[in-house]
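Encoded as structure tokens, the structure appears first; notes follow it.
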Amino acid sequence: MSIDSLKDKLPDFAKDVRLNLSNIANDDTLGEQTKYGLMLACAVATRNAEVLKAFDQECTPHLAPAARDAALAAATIMAMNNVYYRFVHLASNKAYGTLPAKLRMNIIGNPGVPKTDFELWSLAVSAINGCGMCIDSHEKVLLNADTTQDTIQTAVRFAAIIQSTAVALEAASLPVSAAS
């Protein structure tokens, strides 16, 4: 399965998603590893097996094994961090922010790819998972590393499109309405 096969499965009510999916597939504003690692990390974050399989097939040929592992690690570590830090951020009791997290996250310090790639992937996954504290943290690191706001916006746009693809496929699995 590929991105093209996903597009073929999207119903007419998701025409915009289909067109946006074509746009990111053809987007060349990011480097190859950055782009394909980003798409794979976001696909994992959707928690949709069909989306993950299609993006894995599409992305893996463009990624060294270490880069593929780093993309998978970005989605995985953010699944943990986004829950924890979203809680810390949203809890009325601010004392939680003063407590040690006690979460192992060594992969962030040594991801096996350039730090800016891993940070960009982590930011995009954090956008999917809705953790403002993590978004701010990763954005700060990226901006300090001279990553442009356009690059950050592109990553979040990719995340939004990949997430909407998963939702559209789930919506398309509903039975056809009797009124149709």
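Backbone N, Cα and C define each Cβ position, glycine as well.
Taken from Swiss-Prot, the feature active site, proton donor applies to C131. The number of other Cβ atoms within 10 Å of the Cβ belonging to C131 (active site, proton donor), over all protein chains shown, comes to 25.
Positions annotated as active site, cysteine sulfenic acid (-SOH) intermediate by Swiss-Prot: C134. In the three-state DSSP scheme, C134 (active site, cysteine sulfenic acid (-SOH) intermediate) is classed as helix.
Residues or ranges marked as disulfide bond by Swiss-Prot: C131-C134.
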Same-chain residues at least 6 positions away from C134 (active site, cysteine sulfenic acid (-SOH) intermediate) with a Cβ under 8 Å from its Cβ, in sequence order, are M78, N81, N82, Y85, R86, S122, L123, S126
